[in-house]
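*Asks:* The structure follows.
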Amino acid sequence: MGVGIQVRDLNAYYGKAHVLKHVDMKMAPNHVTALIGPSGCGKSTFVRCLNRMHETIPEAYAEGEVLVGDKDIYARGTAAVDVRRRVGMVFQKPNPFPTMSIYDNVASGLKLNGIRKKAVLDEAVQRSLEASALWNEVKDHLHKKSGASLSGGQQQRLCIARALAVQPDVLLMDEPASALDPISTSKIEELMFTLKENYTVVVVTHNMQQAARVAEYTGFFLMGSVIEFDTTQKIFTTPSDKRTEDYITGRFG
């Protein structure tokens, strides 16, 4: 089952540039939370801080608390690799390993964690592909086709399966449908509804209609700060801050 995420006074930097400023947010378990805002507002940096991907960039670092369940992922002695096992990530552009089969793409994280038993891998691959609504489309050529041979929408669902294979608590999705056609986008959105039954889902999106369709909660970012965080219905119908209203109604962004 998914776990809640509580962010307290999170600040992120690229060298001397202060790009996330005193962010507080509480994301409910087994719900979809959408993050919206104009380009460069900090929402993608924020989501990367939730599994410590931000620190993989030279001179980038973060300060503050991020509790996944009851564990602060920035606590001294916490290994980033353990954090990323609990908090999976799916990126804007599908990135399957091009030389690997569909099967090996999904099993790659498990193998990195030392799992070698075929029966265990087989079960995990099928479970993950079923959870990402891809199993029926690829089950007959798991070992014959590479991940790169799939369509764009299938590749993105393969990347979701790869993230799910290690059984995370949280799934982060950074504009997962922005590079896809409308039909593939619809499948990704449908998938979010089923994924939240077992995972906490956080999605970055530029698509306001998508946020309204898929998320129970929405946070609006602007210039590195969270301007407003509330239920999606309230954000889109009666926002408390005029800047939120201006963004949602297209006055800027």
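Glycine is no exception: its Cβ is also placed from the backbone N, Cα and C atoms.
Positions annotated as ATP binding site by Swiss-Prot: GLY37, PRO38, SER39, GLY40, CYS41, GLY42, LYS43, SER44. Annotation source Swiss-Prot lists domain 'ABC transporter' at 5-248, citing sequence analysis.
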*Asks:* Show, in sequence order, which residues other than GLY37, PRO38, SER39, GLY40, CYS41, GLY42, LYS43, SER44 on the same chain lie with their Cβ within 8 Å of the centre of the Cβ atoms of the ATP site.
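*Replies:* Near the ATP site, beyond GLY37, PRO38, SER39, GLY40, CYS41, GLY42, LYS43, SER44, sit PHE221, LEU222.
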*Asks:* For PRO38 (ATP binding site), what is the secondary structure state per DSSP, taken as helix, strand or coil?
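*Replies:* In the DSSP reduction, PRO38 (ATP binding site) maps to coil.
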*Asks:* Could you say which of the binding-site residues SER39, SER44 has its Cβ with the most other Cβ atoms inside 10 Å?
*Replies:* SER44
*Asks:* Looking only at Cβ atoms, how many others are within 10 Å of the one on GLY37 (ATP binding site)?
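*Replies:* The Cβ of GLY37 (ATP binding site) has 26 Cβ neighbours within 10 Å.
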*Asks:* If you average per-residue pLDDT over the domain 'ABC transporter' (5-248), what number do you get?
*Replies:* 96
*Asks:* Let me know the most crowded of the binding-site residues, choosing from GLY40, GLY42 and counting other Cβ atoms within 10 Å.
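*Replies:* Of the binding-site residues GLY40, GLY42, the highest Cβ count within 10 Å belongs to GLY42.
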*Asks:* Which is it, of PRO38, CYS41, LYS43: the one of these binding-site residues whose Cβ has the most other Cβ atoms within 10 Å?
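*Replies:* Output for this query is LYS43.
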